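K.L.:
Copying in the features that TrEMBL gives for the protein in this structure:
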{"type": "TRANSMEM", "residues": "34-57", "note": "transmembrane segment"}
{"type": "DOMAIN", "residues": "58-330", "note": "domain 'Amino acid permease/ SLC12A'"}
{"type": "TRANSMEM", "residues": "63-85", "note": "transmembrane segment"}
{"type": "TRANSMEM", "residues": "106-127", "note": "transmembrane segment"}
{"type": "TRANSMEM", "residues": "147-166", "note": "transmembrane segment"}
{"type": "TRANSMEM", "residues": "178-200", "note": "transmembrane segment"}
{"type": "TRANSMEM", "residues": "212-231", "note": "transmembrane segment"}
{"type": "TRANSMEM", "residues": "252-271", "note": "transmembrane segment"}
{"type": "TRANSMEM", "residues": "299-324", "note": "transmembrane segment"}
Amino acid sequence: MSTPIRPEVALSGRPLASAEGTGLERDAVGFWGVFAQGLAAAAPSVAVAVVPFSLFVAAGKGAAWAVLVGLLIAVLIAATISFQAKRTVSSGSLGTYTGNGLGPGFAFAAGFSLLIGYIGFATTGTLGGVLYLDSFLESVGLGSQAHWFRLLLVVVVVGAAVYLPYRGVSISARYELIFELIAIASILVIIVGAYISYGFHIDWEQWDPKHLTVSATFIAAVTAVGSYAGFESVASLGAEAKDAHRTIARSLLRVVLLLGVLYIAATYPQILFFDDIDPDKAVLPQLADSVGVHWVNQVVSAAVAVAFIVFVTAVTTAGARSLFTFAHEGRCRRRWPACTRSTRRRLSECCSSDCSRWCSPWSRPSARRAGWCSTSTGGTWRRGDS
C-alpha cells in the first residue's frame, strides 16, 4: 500500500504538506482519463496539420524516415518515464522523476522548465484556436475582421479552456478525449481520401534507406520528436489517477505508439500531394481539395479549433498541478498552500494572483537536513512504501 513520505518534514520553520494529500481528489481519473490527458496535451490533430509539411521542408522525401526515427526516440523517452512511474507517482511530474536520479537542483530546473513550457503551449494554443475558430465562422458567413470580434474569440477560447479544468479533472479528461477523437476522425477522412486518390500502389522513394545516410533526415527527426511533446503530462495526474503506478506507466507508452502510427499515416499522403500544396496556407483544407473531399473542410476547421481549446485545457491541467506541487512543497509564497488547501477550485486564483516570487532551488542546507530534497518532492508516493 502506498503512503506519503515524511509528512512531518518542515523547511525554515514552515511545515511542508504533501500536494497529493491536500486539495487533489484521490482516485478521480481512470485509465481512459489519464490516456485522454496525454493525447490532448500532445494535440495530434494539431500536429498532423503542421508537422508533416515541416518535415518535408527539412528532409524532402526522407520525411517518412524522420517520423520513424522520431518515434523510436519518443518511445525510448516514454519507456524511461514509464519505468519511473512504476516506482514513483506525484503531481510533480517530470520534476519528481528528474530529482530521483539527478538530485534536487535538476529537479527544480526540470519542474520550472515544464511550467514555462506549459504556459507557452497554452498561449500558442489559444492563438491557434482563435485562428481556426475565425476561419470556421468566416466559412459559414459569421466572420468579421473587426478587432473587437477577434478579442471576443480570445475570450471564448480562454473561457472554454479554463472552465473545463475548473469543473474538475474527471470532467475535463472526458471532454478532452471526446473532442480530440472527433478532430482526429475528421482529419482521417482527408487522409483516407488521399490514399484512395493516389491509388493502391506505394511510393517506394519515400522508404528508400538512402535517406538514413542524409543528415537532413535526422535534423527533421528532432522536429518529429517535438510533435510528441505533451504526452508526459499524464505523469502530473499521479495523485488523482486510479491505480496510478500501472495506469500512468501504460498510458505513456500507448499514447506515444498511437501518435506514432497517426503521424506516419498522415505524413505519407501529404508528401504525395506536396506539388498541390501552397506552403503559405493551411495544409489540410488544401489536401482535402486535392483529393476531392472538400466537403469536409468546414468540419475540419471546427474540429481543429476545438482541438486547440482541448489542447489548452490539457496543458493548463498539467501546469496547474506542477504549480500546485511547488506551492505545497515550499517553493512558492507562504500564502499559496493556504489558498490551495481551502479548495481546489481556488488554485487558479492563487496562480494568477502572484507568480513573481519563488523560493530558492532545493539546495538549501535546511532542506537537505530535513530529508525532503532526497525524494525531490514531499508529495511523492512510492509503490510498496509503508
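Note: Cβ is positioned from N, Cα and C throughout, glycine not excepted.
Each of these features: where is it, how hidden is it, and who are its neighbours?
P.N.:
Long-range Cβ contacts of the transmembrane segment (34-57) within its own chain (Cβ-Cβ under 8 Å, at least 6 residues beyond either end) map to 63, 66-67, 121, 125, 128, 173-174, 176-177, 179-180, 183-184, 187, 220, 223-224, 227-234, 236-237, 241, 247-248, 251-252, 254-255, 258-259, 262-263, 266-267, 270-271, 274, 277, 279, 282-284, 303-304, 307-308, 310-311, 313-315, 317-318.
Over the domain 'Amino acid permease/ SLC12A' (58-330), the average per-residue pLDDT in this prediction is 77.
Beyond the transmembrane segment (178-200), the same-chain residues lying 6 or more positions past its ends with a Cβ under 8 Å from any Cβ of the stretch are 36, 39-40, 43-45, 48-49, 262, 265-266, 269-270, 272-273, 284, 287-288, 290-293, 296, 299-300, 303-304, 306-307, 309-310.
Panel annotation: around the transmembrane segment (212-231), residues 38-43, 47, 51, 54-55, 58-60, 62-63, 65-67, 69-71, 73-74, 77-78, 117, 121, 252, 255-256, 259, 263, 311, 314-315, 318 of the same chain, lying at least six beyond its termini, place a Cβ under 8 Å from a Cβ of the stretch.
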K.L.:
Are the transmembrane segment (147-166) and the transmembrane segment (106-127) near each other by the rule of at least 3 C-beta pairs under 8 angstroms (pairs 6 or more apart)?
P.N.:
yes
